[in-house]
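Taking it in order: structure first as structure tokens, then the write-up.
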């Protein structure tokens, strides 16, 4: 009896300790939520300050992640069979340099094609505004002469067209002045942006140069603080997110080049103006899921409308045809297969991401949703298997072996 009493007391004591720990966790969680609700302005203020401090590191990590995709390719191409000391030591720096040069070349190419022509078009529009409104006024006068019934109907609205034109010209001039003032006021912040960008690039280079060492240290830390099963599942989750983001980045970049080339070649064939600029703009906006094509189409139509409104309408029809080809043939083959996410989920992810974080949210929401979708899909499969076999032990073992094999294949793929 005494032994049984001791056992029951010990079991009861352990249960009480677990209950106390769980209760403390819930109390702390509720306290944090209440503090956030009551002091959300101060919390967001401190988060903003924290972001200003750590933003170069975070942005540097993002740059390093993107550069790593190219760097690994260059390392495989940079004299892979030579074991010369100089080749081995220079492989990583040369690969990083080539990766950065390619990205900078693409950025300068896009902005070099777009910015000068946009400035020219804007200047042309501003210079031609008085003539455009004069033409509209002349057209309205001819319209009144040819269609007196419609003119009588318009007179009932008592519109002073001369004052309307004058106000419109004044509005455009004020808008131009406001844009120039805003541009000049932002010049001061450009210096801090450049400094942060330079710091981020330096951080990314350090991360790439010591990639294996950082990964090993992080792996050791996670292994120490997590149990073996938790560690295996953590690696599995991280590998799923990494795979989704890598596949999405490579797929979107390839799709952007294909779409930009299609638009440029098609515009040259149909003799639309600004073919190279609008093609580059279309490829650049293609990184924004779902909505990027509409942005480029509207901007392109407005630019073409300056020279010919009729050509702008034909251009919109051309873009609709290109988008049908891109949505039904190119995107499913190049991007859709790599992310494995149904179209409805892409739309939902873009909507939520755009509402929370704007354009950056739209971009990262798709690979994020893809990783979550894969994790949920695999978890559902494992649970279905557990119910069909009705043996928890067998399922847990199979689940763990599946995760171990996936991680092993993932590591082998990244190391080769």
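Every residue gets a Cβ built from N, Cα and C, even glycine.
Taken from TrEMBL, the feature transmembrane segment covers 22-40 (among others).
Residues or ranges marked as transmembrane segment by TrEMBL: 46-72 (among others).
With a threshold of 8 Å between CB atoms, the same-chain residues lying at least 6 positions outside the transmembrane segment (93-115) that come near it are 66-67, 70-72, 74-75, 78, 201, 205, 208-209, 276-277, 280-281, 283-284. For 93-115 (among others), the entry in TrEMBL reads transmembrane segment.
Below 8 angstroms of C-beta separation, residues 55-57, 59-61, 63-64, 67-68, 71, 92-93, 96, 100 of the same chain, each at least six residues beyond the ends of the transmembrane segment (190-209), sit close to that stretch. If you look up TrEMBL, you'll see 190-209 (among others) marked as transmembrane segment.
Sequence annotations record features per position, and here TrEMBL assigns transmembrane segment to 248-270 (among others).
Within the same chain, residues 109-110, 113-114, 117-118, 121, 252-253, 255-257, 259-261, 263-265, 267, 311-313, 315-316, 319, 323, 326, 346-347, 349-350, 354, 359, 362-363, 365-366 sit at least 6 positions outside the transmembrane segment (276-305) and bring their C-beta atoms closer than 8 Å to a C-beta of that stretch. Annotated transmembrane segment per TrEMBL: 276-305 (among others), in sequence order.
Here the transmembrane segment (312-331) has long-range neighbours at 255, 258-259, 262-263, 266-267, 270, 272, 293, 297, 300-302, 304-305, meaning same-chain residues at least 6 beyond its ends whose C-beta is under 8 angstroms from one of its own. Taken from TrEMBL, the feature transmembrane segment covers 312-331 (among others).
Per TrEMBL, the feature transmembrane segment maps to 343-373 (among others).
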